[in-house]
Amino acid sequence: MSFVELGLSEYLLRMFVELFFFHAVFMFIYRVGSMKNQLGVMFLVIPFSFLGQIYVEGMAEVLGVIVYYLFLKKNTVNKNILLSALVFSATIPYLISTVISGFILTTPFLDNYSDFYYVILELLIEMCLLVGFIYFLKVIQFSSLLITYSSKFSFLLLSLNFCLIQLYLNLTEYFQLYEQLILGTLCLLFAQFFLLFLLFVREMKKQKKMFEEKFLREQLEHLKLYAGYLEKNQEKLRRFKHEYKNLLFSLREAALNNRADLVIEQIDLLSDYSENCFKSNSFHYSDIKNVKNEYLKSLLISKFHRMENENVHCHFECLAKVDTLSIKIFDLVRILGISIDNAIEEASQVNDSEVYMTIFQTKTQIEFIIENSTRTKKIDISKIKKCGYSTKIGHDGLGLSSIQDIKEKYSNIFIQYKSSQNKFIAQIIIVNE
């Protein structure tokens, strides 16, 4: 927006170009759902926003928020993420436009510029600042922060900030006080933005604390499952030893009595009993003892428990001790949790459902391999890595894109996906630093 008197054509040109700024920010920070759907909504919104902006300043952003929300909410599990992204996207371009207009008003040498060149200069400066701001959002991984920490409070805070800016600017325009209050307006906007930043950081810390507390509660539940798993294994082993001794005693008696037929019968019985016992999933997880990190161990135990409940056959191997991790454990748990959940969800749709998990650790790196059976012979890797892609109804499709966001925080993580012959393999390598 600008408070310089412009010709009608220049005013409409500036207003039309500025409409795209809101959509550009939103599409960058809210990477949920297909880009095709978002572009469709954008081209639907722009004509109505253009007409609304002619009559009421700020109406374009309001209409954009409403229409985007109505079209995208059905595919969004967490509405707070969508709402916070929309209001944030509406606020930032509006703030940049207002600040640039304020600075231009206080620059005397621009008085000799024609309306057309004035608008072009204003739009170029706005675009440069907007590109720089979007790059800053990419550096701090704002999309990931938005997904993790969005709440009702963040949405209400952003909405209140947007409404106050609109109210103040419309009042100054109505009473024709903007030029007299230009310095105060700029100071107010900077102060408000700084206060908003502080409140947002405070809310993020609060949400992070809640997230960590939830994580710890989940770990406690996982450890309870692990304790139950150990207790069940001990009971099975104790019972197996008891029955095994009885069968050996019967076999010995039959041999002493020269009962060859009975010996063969007892051997077959012993063989069947041993095979059935060792087929138990509990014995397939014995390598869990080599996982020394309790957070990682409890995560794996919880996934074993889930696979047993969903009748997914799991094979787990970890021959060497795993005790050195070169990334934050929260990030590793998120990466593995998403990867294993994806494997379970896909494998559970197949008749012969199987998931293989292998962990290798050497002096230089640790490697996680997760392999699962799939419904299709080959999966399109490029498609599933896109944010918003999901085969599950009502699901945001944030899995692999969330892994990618975490991966970008580290230079020592390498992730590769393969798919062939009804198998999908996720390979995660963490190089020790």
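The backbone N, Cα and C atoms fix where each Cβ goes, and this holds for glycine too.
Annotation comment: TrEMBL describes 328-430 as domain 'Sensor histidine kinase NatK-like C-terminal'. TrEMBL lists 12-30, 50-71, 83-104, 116-137, 149-169, 181-201 with the feature transmembrane segment.
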Is the transmembrane segment (116-137) in contact with the transmembrane segment (50-71), using at least 3 Cβ pairs under 8 Å (sequence separation of 6 or more) as the test?
no
Mean of the pLDDT scores, which run from 0 to 100, over the domain 'Sensor histidine kinase NatK-like C-terminal' (328-430):
82
Relative to the transmembrane segment (149-169), which of 12-30, 83-104, 116-137 accounts for the most Cβ pairs at distances under 8 Å?
83-104
